[in-house]
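What TrEMBL annotates here:
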- A:47-74: transmembrane segment (TRANSMEM)
- A:86-108: transmembrane segment (TRANSMEM)
- A:114-132: transmembrane segment (TRANSMEM)
- A:172-191: transmembrane segment (TRANSMEM)
- A:219-239: transmembrane segment (TRANSMEM)
- A:259-281: transmembrane segment (TRANSMEM)
- A:293-311: transmembrane segment (TRANSMEM)
Amino acid sequence: MNYAGMNAGSLTFTASLVVVALGGPSVLDTFQVLQLSAYSSLALGVVGLAFVWGILGILSLGHAAFFGIGAYAYAILSIAQGESTFAVAAAILAPSVLAVCLGYFLFYGRVGDVYLSVITLCVSLILFSFMNSTADVSYTLLSVPLGGFNGISAVPPLNWPGFVGDFLTPEATFSLCFLLLAAVYLALQFLRGTRLGRIMASVRENERRCELLGYDPRWLKLVGFVISAAIAGLAGALFTANTGYVGPTVFDLGQSSQFILWAIAGGMGTLSGAIIASFMLQFLASFIGTSQLFNTSLVFGTVIIFFVYALPNGIVPSLQGLLRKLSRLARRQRRRPEVIGDSIKSTP
Amino acid sequence: MTAMIETVGLTCRFGGVVAVDNVSLKIEEGELRCLIGPNGAGKTSLFKCLSGQVQPSGGRVLMKGREISRFHPHEIARMGMAIKMQVPSVFNGLSVHENVWLAAARLHRGKALEAIVDETLSAVGFRSAEAREKRADELSHAHRQWIELAMLAACKPAIALLDEPAAGMTQDEMLRTVELIKTINRSTTILVVEHDLEFISLLARKVTVLHQGKIFVEDTMSNISNNAAVREIYLGKQWRMAQ
Ligand SMILES: Nc1ncnc2c1ncn2[C@@H]1O[C@H](COP(=O)(O)OP(=O)(O)OP(=O)(O)O)[C@@H](O)[C@H]1O
Ligand SMILES: [Mg+2]
């Protein structure tokens, strides 16, 4: 059982994302295009978390902090400059810098797993209450008012790099978002199969053993943490570019726990699972939201309990397990007469 | 000649317990030293100090003449120390192959890497692809110990610390482990802790007895087993039963 690296499954998944990216705009209406673009940017956010949690075993409960900083960085810079290229770059860079500082303190200070989760969550909540209290017009960054709980609206969409005012159409943005999702997914999947990625997985399995083999887990965790923050920042930028709005709720508990829920539902250690789960659960949320039948939080509470109890491995690994069982069953049926005489060996 | 490992007045305290008490030990290059002592004598604690997992409360550890007492475990490992822990410490969720691959990957690349993995796995009896694809947590205790030994061998260490490498093994498995250790010793200095006296006499080397954190005596196995004081503290009951 090995999800790591480039295999048929990951290539197929990448290919399907590319097909959606290129074919989507011609079959979907504008509303669906806009909706799916926004979904895809949140899906991008969760891949980073699925990577750092599923591969390195770091449970960052404040993943939304990086997402939110990316979102705000994009909003402020794209308004201030009227151009989105630098804004996107800054949205990747700013959370990465925070991740380096925070990660250095967390990993090199040997902060325990639980404290790490709590501290990352606190960072996110501090940003939440800070942004909430910037309603006064005196709070500006690059002369863009932060807007407090009202957030920043009328954020311009992406434009072609270097061409001020030459905005991407919603269809082009849609394709770009899905292509970026595919690219990031493929890059992470590739990383998992490399030497570095395999060593990173060993940190999750047994940090002490990893260390005794001569690898420095602190450094490996820092690298992974920064990668996930950079991806979250990009995701935040795309989300804001798609919705034209950013508010303090990007930092709130709901946002962080949503990422966690998607990663759990998708299955620990799979990146494609987190992406699939994020789309499924976002559709579910919007369906419940529009139909007004149930309280959304109640449904998601139930969903998380369902996954923890009924499908602890998550969607994708459970399906893979089922397929494997079926194929083994089919093979056994075909070979039954020979199997009976099979001897049991005691040597490994 | 500088010793491979030398401790000078090494002390390790856990609260009020003095697990290692002013131990001065010298292991020469190429040696295969056995360390014995009753439960709680401080053998494992000594190993943890040597490998950097626990900071000594006092004294010094020198490796090839260089002070390593304040080094991180990964730095000590990079200097050429490898350890097999008392409680098997392997990557439970990963395959047997991946475990050994990870051990060898720090020093080797490409074809050489695969060759080392293949060689070390074959040495501990994991020859078939099927056996190598098993997850480490599916294996028996004895086999996990062998995987840990294979990981250790794959690092090509200058010095190996083995904490009870034959614990819980059958006679056959124990004999095989003795052979493995002798093979590793051809290129590696070894310090081995074991309770099984038959195992120690098969290795037949210089033995250090640790008692209540202190070095009690250092001698050959045959002298040790005739030493009345050692019998008293450690061999006593077991020894009389073996007679
Ligand atoms: N982390 C710890 N905290 C507190 N006390 C400890 C710790 N580790 C070991 N000790 C104590 O130090 C003493 C030495 O323990 P150690 O494990 O080194 O003995 P040992 O010789 O390896 O014994 P055994 O043969 O049972 O493995 C014991 O009294 C033990 O209780
Ligand atoms: Mg011990």
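In case you wondered, yes, glycine gets a Cβ from its N, Cα and C as well.
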**Asked** So, does the transmembrane segment (A:172-191) come close enough to the transmembrane segment (A:86-108) to give 3+ Cβ pairs below 8 Å, pairs being at least 6 apart in sequence?
**Response** no
**Request:** Please work out whether the transmembrane segment (A:259-281) lies in contact with the transmembrane segment (A:219-239), by counting C-beta pairs under 8 angstroms that are 6 or more apart in sequence and asking whether there are at least 3.
**Result:** no
**Complete:** Sequence-distant contacts of the transmembrane segment (A:293-311), meaning Cβ under 8 Å and at least 6 residues beyond its ends, amount to 258, 261, 264-265, 281, 284-285, 318
